[in-house]
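Chemist: My questions all concern the structure below.
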Amino acid sequence: MVLLKGFVKPEDQIGMVSMCRQLGKGLGGFYRPSFKNGAKLNLWMMSLGKNWDPTLRSYGPTRPFDGAQAPTIPDAFKMIAQTANSTASEFPQINPDICIVNYYTNSGKLGLHQDKDESKSSLAKGLPFISISIGDTAEFLFGDTRDKDQATKINLESGDVLILGGESRLLFHGVSHVKTDTTPTWLKEAIGLRPGRINLTFRQY
């Protein structure tokens, strides 16, 4: 597990927000997903490359509820993720074909969970997932169990990249809360980013 503080350059953060905004308004864009019991997640989500269905916990080319195809991952996004991957040289290099984009409002959160819906081969090799944070700071939790009281807490700030692979690939992790008014001033002024946090997680199926 490696945290690259402030790794994503300001101009790249601005570009990623602009592209997410554009993609999020189109077919296959942002929606508020549900669990099997019908409860809504406390975030908005968009899948790029392959669609991830949180109800079935599986990947596919389209979303079951509207038939929309997952938009293609922009090459610029892949380049940033793979550069971070190369910087953390202890991890094998991935060719990301999945990017889950989550938008958290100031009340957004995500319970402790494992990312284990990728292929058996990907998980067996411990291929990393690469998480990029933009906007407001999030309190990120991680640990060996789903017990949030035992979890370690760190702050993920705008531009930070967190990489989990190898033995840490299946750590439980989540977001306890988003810290309001922590988006860098330059980012708000440059792009008019609304309060909240954008998280992009890259994976290889």
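Glycine too: its Cβ is placed from the backbone N, Cα and C atoms.
Remember, predicted model here, so these are calculated numbers, not experimental data.
When I checked TrEMBL for this same protein, it listed these features:
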| type | residues | note |
| --- | --- | --- |
| BINDING | H113, D115, H173 | Fe cation binding site |
| DOMAIN | 95-205 | domain 'Fe2OG dioxygenase' |
Chemist: Other residues near the Fe cation site, CB within 8 A of the CB centroid of H113, D115, H173?
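Modeler: So the extra residues in range turn out to be L112, Q114, L171, F172, G174.
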Chemist: Can you check which residue among the binding-site residues D115, H173 has the largest number of Cβ atoms within 10 Å of its own?
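Modeler: That would be H173, with the highest Cβ count within 10 Å.
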Chemist: Near H113 (Fe cation binding site), which residues of its own chain have a C-beta under 8 A away, given they sit six or more steps off in sequence?
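Modeler: H113 (Fe cation binding site) has long-range Cβ partners R146, F172, H173, G174.
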Chemist: Mind tallying the domain 'Fe2OG dioxygenase' (95-205) by DSSP state, helix then strand then coil?
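Modeler: With helix first, then strand, then coil, the domain 'Fe2OG dioxygenase' (95-205) has 15 helix, 47 strand, 49 coil.
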Chemist: Averaging the per-residue pLDDT over the domain 'Fe2OG dioxygenase' (95-205), what integer do you get?
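Modeler: 96, rounded to a whole number.
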